[in-house]
Amino acid sequence: MRTLWIVAMCLIGVEGNLFQFARMIDAKQEAFSFFKYISYGCYCGWGGQGTPKDASDRCCFVHDCCYARVKGCNPKLVEYSYSYRTGKIVCETYNRCKRAVCECDRVAAICLGQNVNTYNKGYMFLSSYYCRQKSEQC
């Protein structure tokens, strides 16, 4: 399984906080749930366009919007500190940029966990053909 994890990270392009975000998702669902979202719908994974396909995809859309609002740093490369307290993800970073990125990831992980029942395997590796509609505004 460790080899699969390493291969997946190489395929999608490892970024600074990707591992942290993956661990947050796994904390709100079952282990290795992150893999379900590597390429899901129109927004989960690299980039995004069109209309989110379901509530899970909308979580990724909102996450992308959150990253777009983080100014003065690169949210995909920022590493931050967080912990789990009584089942909750707690961002512990005081740096403005790092805290904002941590909060984006925390909210998205919670959202994906709350909407896991909307997950549709048919949206995994969805062709961009189905995401051609005009993108919503953040």
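In case you wondered, yes, glycine gets a Cβ from its N, Cα and C as well.
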> Of the candidates Asp26, Asp64, which does Swiss-Prot annotate as part of the Ca(2+) site that also includes Tyr43, Gly45, Gly47?
Replying inline: Asp64
> Of the listed cysteines Cys10, Cys102, Cys104, Cys111, which one does Swiss-Prot record as disulfide-linked to Cys66?
Replying inline: Cys104
> Among Cys59, Cys60, Cys65, which cysteine is annotated in Swiss-Prot as forming a disulphide with Cys44?
Replying inline: Cys60
> Pick from Cys42, Cys59, Cys65: which cysteine does Swiss-Prot list as forming a disulfide with Cys138?
Replying inline: Cys65
> Which of Cys73, Cys91, Cys131 is the other half of the disulfide bond that Swiss-Prot records for Cys102?
Replying inline: Cys91
>> Of the cysteines Cys59, Cys73, Cys131, which is paired with Cys111 in the disulfide recorded by Swiss-Prot?
In response: Cys59
> Taking every protein chain shown into account, which of the recorded positions Asp64, Asp105 has the largest tally of Cβ atoms within 10 Å of its Cβ?
Replying inline: Asp105
> Can you list, in sequence order, the residues of the same chain other than Tyr43, Gly45, Gly47, Asp64 whose CB lies within 8 Å of the CB centroid of the Ca(2+) site?
Replying inline: Cys42, Cys44, Trp46, Gly48, Gln49, Cys60, Phe61
> Of Gly45, Gly47, which of the binding-site residues has the most Cβ neighbours inside 10 Å?
Replying inline: Gly45
